[in-house]
Amino acid sequence: MASSSVPPATVSAATAGPGPGFGFASKTKKKHFVQQKVKVFRAADPLVGVFLWGVAHSINELSQVPPPVMLLPDDFKASSKIKVNNHLFHRENLPSHFKFKEYCPQVFRNLRDRFGIDDQDYLVSLTRNPPSESEGSDGRFLISYDRTLVIKEVSSEDIADMHSNLSNYHQYIVKCHGNTLLPQFLGMYRVSVDNEDSYMLVMRNMFSHRLPVHRKYDLKGSLVSREASDKEKVKELPTLKDMDFLNKNQKVYIGEEEKKIFLEKLKRDVEFLVQLKIMDYSLLLGIHDIIRGSEPEEEAPVREDESEVDGDCSLTGPPALVGSYGTSPEGIGGYIHSHRPLGPGEFESFIDVYAIRSAEGAPQKEVYFMGLIDILTQYDAKKKAAHAAKTVKHGAGAEISTVHPEQYAKRFLDFITNIFA
């Protein structure tokens with residue numbers, strides 16, 4: 001892992017939008033040693049290398065100025081850019097020419113704060129070691145080395161949708177005090193390498209950074225074409241769907257109070273999505289089997305050329321993390337209390353924010369991870385055309401997934417309400 005500061009090179013930086021505001025009062029946070037150097041990490045993929053470099057540069061720049069007292073409309077249009085042109089610039093680790101852009105830096109800084117994520121922890125979790133690829137996702141999907149964050153490669157249309165809804169999303173997060181089942185959006189970036197633009201969206205991982213998921217479902221409340229393919233089912237951890245959930249007689253066993261709180265939160269979130277005419281979202285359900293999870297696993301032999309943390313991101317064995325509270329940052333997962341090791345099925349609720357443990361006396365000892373995903377699809381002309389085509393194919397009364405936002409929400413809530421025992 002290489003580390004250095006930016007050398008004299010053709011590096012141009014620009015910030016669009018308002019300058020820094022005044023300091024503002026926020027909750028007490030642990031103190032960190034601010035790193036003055038921008039770290040550069042070796043990454044097999046130039047795109048990932050530039051992304052890591054860009055995030056480190058961005059967080060370092062933000063750390064030099066206090067957060068604004070309040071966000072202004074211009075903050076939701078702002079961006080910061082940097083362009084590097086030098087064939088000697090970190091040539092072992094990075095391409096010689098690249099551009100990096102962060103969208104709405106002050107807005108996402110504020111969102112990270114509201115979600116209880118310190119900027120230095122965010123930086124460490126993303127960049128201490130390169131992220132790993134996760135299989136079986138639409139588009140490119142990366143998981144941070146400590147498994148607390150996911151980096152999803154999205155389209156320029158997704159970025160445009162995020163931009164148009166970001167102000168509403170931020171207002172909603174303020175209103176609900178960050179207590180939501182919606183994705184926690186933490187950063188939005190564009191990376192340009194070899195004249196090709198890639199767009200990256202960083203979110204909190206809905207699954208645990210330490211409890212492996214043994215089964216997962218993507219639930220929409222539709223029964224047409226909602227069964228995992230044979231190709232999907234043979235994967236180590238297939239993404240199962242609505243029909244699979246029903247066919248397996250799967251149920252979620254949580255206490256009545258937890259169920260009440262969850263459904264209230266879900267209804268509130270779905271009402272927000274309906275207001276924005278958003279649909280086609282899913283409930284992502286991950287299930288950790290506590291008995292299975294407490295069984296010792298065979299350790300794989302370590303190769304001589306492996307680094308200290310090899311960044312493997314299979315869903316079956318997260319790396320061990322050392323707790324550190326108050327000095328050098330250990331990343332988002334580094335808050336684990338070192339004086340009390342977590343037992344089987346235990347989790348820190350402020351890290352694994354989507355987790356709910358099964359009720360006492362439930363037939364299965366499990367931990368459930370439940371959150372809303374794919375919330376960027378708005379009901380537009382393309383959706384209307386798809387709905388018309390599916391109606392012709394399946395009939396007007398069929399349980400097809402492409403319907404109006406209000407219909408989608410009602411069907412979705414009806415289905416999810418019935419997944420509980």
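Cβ atoms here come from the backbone N, Cα and C positions, even for glycine.
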**Request:** Quickly, which of Ser125, Ser192, Ser349 does Swiss-Prot have down as phosphoserine? Just give the residue.
**Result:** Ser349
**Request:** Choose the correct range: of 69-75, 181-187, 202-208, 384-390, which one does Swiss-Prot annotate as region 'Required for interaction with PIP5K1A'? Give that range.
**Result:** 69-75
**Message:** Test of record reading: of Ser26, Ser137, Ser294, Ser307, which one does Swiss-Prot tag as phosphoserine?
**Reply:** Ser26
**Message:** If I restrict to non-local contacts, at least six residues apart, and a C-beta distance under 8 angstroms, what lies near Ser349 (phosphoserine) in its own chain?
**Reply:** Ala355
**Message:** On the 0 to 100 pLDDT scale, where does the region 'Required for interaction with PIP5K1A' (69-75) sit on average?
**Reply:** 96
